[in-house]
Amino acid sequence: MTSQDYSDWQGPPPPGLVTFGADSPCTYDTCPIQWSIYRYRPDLGANIFFAAAFAVVGLVHVYLGVRWKSWGFMAGMLLGCASSIIGYVGRILLWDNPFSFNAFMIQIVCLTIAPVFFTASIYVTLSKTIIFFAPELSRFKPQLFYWIFIPADIVCLVLQAAGGALSVQTEGGDTGVDISMAGLILQVIVILIFVAVFADYMIRYWRTGRMSAFGWRLKAFFAGLAAAIILILTRCAYRVAELKDGYSGDLIRHEIPFIILEGVMIVLASMALMWGHPGLAIKNRAGRPVSKYTDCNSVESRQEIPMQNV
């Protein structure tokens, strides 16, 4: 450890100086920003905005979850929002000290895994939707959504969390990046398979002619879910590209793409899931499943399926 001031140093760090890690003596005041892992100081205003935005979104989902008694959906959304808030707090700490090892570890792990919780809520909701409307039109038993997509989501979560934690270690850093990349790529693959399966179901449902009777609530519900899936998929594709060359790549050194393709995409996805909330389409104010929709058009479901845990 040393208290030497390198703030005016030109060129690469001197031999033997550790610029990243738990034992690094560098701070914003003592080392050039170019020596930090991101090569930039995170924008304070943007990160405060995202932390506040996820807090507001989380509170809205608490209200919607209590109103519609959608405890499972609410749990997934709150875990995703909480993880995002903690991640952006980590980036706020990086603004104070771009060389902070703990702040980097907090944000890299929490922001990487947060969307996994949102996709889990989507998978459960759409599985229940198939059961509610017309399970006989699905090529697979709707329960398989639980046994395939939720475990796959958990694997993505474990890989991304473990990879993020390992990536900040002096030894095993490259391995950690590869593990995190594997988790992100798997998440993209799982989402694409899910989109294909559910799109096939919706096409089959549309061919029955029942979709023409959808009112605004059902249209908003499916539009919100579709938007959330596209936004999360876009974000995951960006994170794969960002980590392609590890922490020495070019894309990871630019904050604007991160703000837009990570922050904005996931905030919008979490907001879209306010419309893609199961209570909007398949529950009444008491939180019980409905059999008829009484807005401008009405749709009568085949049967009333318990939805208490959605």
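Every residue, even glycine, has its Cβ placed from backbone N, Cα and C.
TrEMBL annotations:
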TRANSMEM  44-64  transmembrane segment
TRANSMEM  71-95  transmembrane segment
TRANSMEM  101-124  transmembrane segment
TRANSMEM  144-167  transmembrane segment
TRANSMEM  179-199  transmembrane segment
TRANSMEM  220-241  transmembrane segment
TRANSMEM  256-275  transmembrane segment
### Query
List, by number or range, the same-chain residues at least 6 past the transmembrane segment (44-64) whose CB is under 8 A from its CB atoms?
70, 74, 77-78, 81-82, 84-85, 88-89, 91-92, 95, 255, 259, 263, 267, 270-271, 273-274, 277, 279
### Summary
Highest Cβ pair tally under 8 Å against the transmembrane segment (71-95), stretches 179-199, 220-241, 256-275, lands on 256-275
### Query
What else in the chain is close to the transmembrane segment (179-199), if you only count residues 6 or more beyond its ends and a Cβ gap under 8 Å?
112, 115-116, 119, 123, 126, 139-140, 149, 152-153, 155-160, 162-164, 166-167, 229, 232-233, 236-237, 239-240, 243-244
